[in-house]
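A.B. asks: I'd like to ask some things about the structure below.
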Amino acid sequence: MELKVDTHTHTYASGHAYSTLIENAKSAKQNGLAMFCTTDHSESMPGAPHYWFFSNQRVLPRFIEDVAIIRGVESNIMNTQGEIDIHPSVDKNLDWVIASFHEPVFRPSDVATHTEALLNVIKGGRVDALGHLGNPNFDFDFEVVIQCAAEHNVAIEINNTTLKGNSRVGSVDRCYEIARIAKAKGAFITTGSDAHFCIDVGGLDLVSSLLGEVGVDSSKVITHSPQQFLAFLVLRGRQSIAEFSVFE
């Protein structure tokens, strides 16, 4: 499946990534992307920036190297109440919010605890996508959470770095099952490289293969085209971005 948008990338601002936004944009262009989301880790992750960093993304140009830039964040799920570590004042300056479990922030627990947290994240309304859900350290009720995500138009991320098998070990088969359930429930799927170095931006080959094997319809993959991604943002209640009228 062709994927023209990468919704999960990091710059050196995350504290453990190694490229600038301009370097990421250059690689995105070389790798055939039309658009990507810049989604550095939010402040509870060791080494991550203060929330002002995310609020000030309003100064970023909408295109770098002729690639569209989506202003985003990978926030941390903090507790079972579904709170995330982004100050509410930042929301108006962001286009895209991922919420993910990370071991340094949320101590792995049991299925019931993780499920409760994810359901409350979804219902809280601030989050557009759930990141790298395949991690076996954060097992959850796939059916219940993905059904809730489908009902609230929250996208399920399939993460290319996870599928390489070196990070979040034990996730690959779980990602296939998550994709199968998302297909059955009619949930939206998003695709992220989770690049921590510029050459990986737009590296979505393993995700593309998975989606093909599972038989997910491209109409439910919001990263199939920039038009589909922007339509999803509007569906989520976000304002249209004037500079992206070129994609209409």
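Backbone N, Cα and C atoms are what each Cβ position is placed from, and that goes for glycine too.
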A.B. asks: For the Zn(2+) 1 site, Swiss-Prot lists H8, H10, D194; sort out which one of E65, E74, E83, E248 goes with them.
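C.D. replies: Answer, per Swiss-Prot (Zn(2+) 1 site with H8, H10, D194), from E65, E74, E83, E248: E74.
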A.B. asks: Out of H50, H87, H132, which is the one Swiss-Prot records at the Zn(2+) 3 site of E74, H102?
C.D. replies: H132
A.B. asks: For the Zn(2+) 2 site that Swiss-Prot gives with H16, H41, which of H152, H196 also belongs there?
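C.D. replies: The one candidate that Swiss-Prot places in that Zn(2+) 2 site: H196.
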A.B. asks: Where the distance is taken from Cα to Cα, which of the binding-site residues H10, E74, D194 turns out closest to H41 (Zn(2+) 2 binding site)?
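C.D. replies: Among H10, E74, D194, E74.
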A.B. asks: Can you name every residue in this chain, apart from H16, H41, H196, with its Cβ inside 8 Å of the center of the Cβ atoms of the recorded Zn(2+) 2 site?
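C.D. replies: The answer, listed by sequence position, is H10, S14, G15, A17, D40, M45, G47, A48.
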A.B. asks: List the residues of the same chain that sit at least 6 positions away from D194 (Zn(2+) 1 binding site) in sequence and have their Cβ under 8 Å from its Cβ, in sequence order, or write 'none'.
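C.D. replies: Result: H8, T9, H10, G131, H132, N159, N160, T161, T162, S167, D200.
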A.B. asks: Pop the Cα-Cα gap between H102 (Zn(2+) 3 binding site) and H196 (Zn(2+) 2 binding site) into the table, whole Å please.
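C.D. replies: Roughly 15 Å, rounded to the nearest whole number.
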A.B. asks: Sequence gap of 6 or more, C-beta under 8 Å: which same-chain residues meet both conditions with respect to H102 (Zn(2+) 3 binding site)?
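C.D. replies: H102 (Zn(2+) 3 binding site) has long-range Cβ partners H41, M45, N76.
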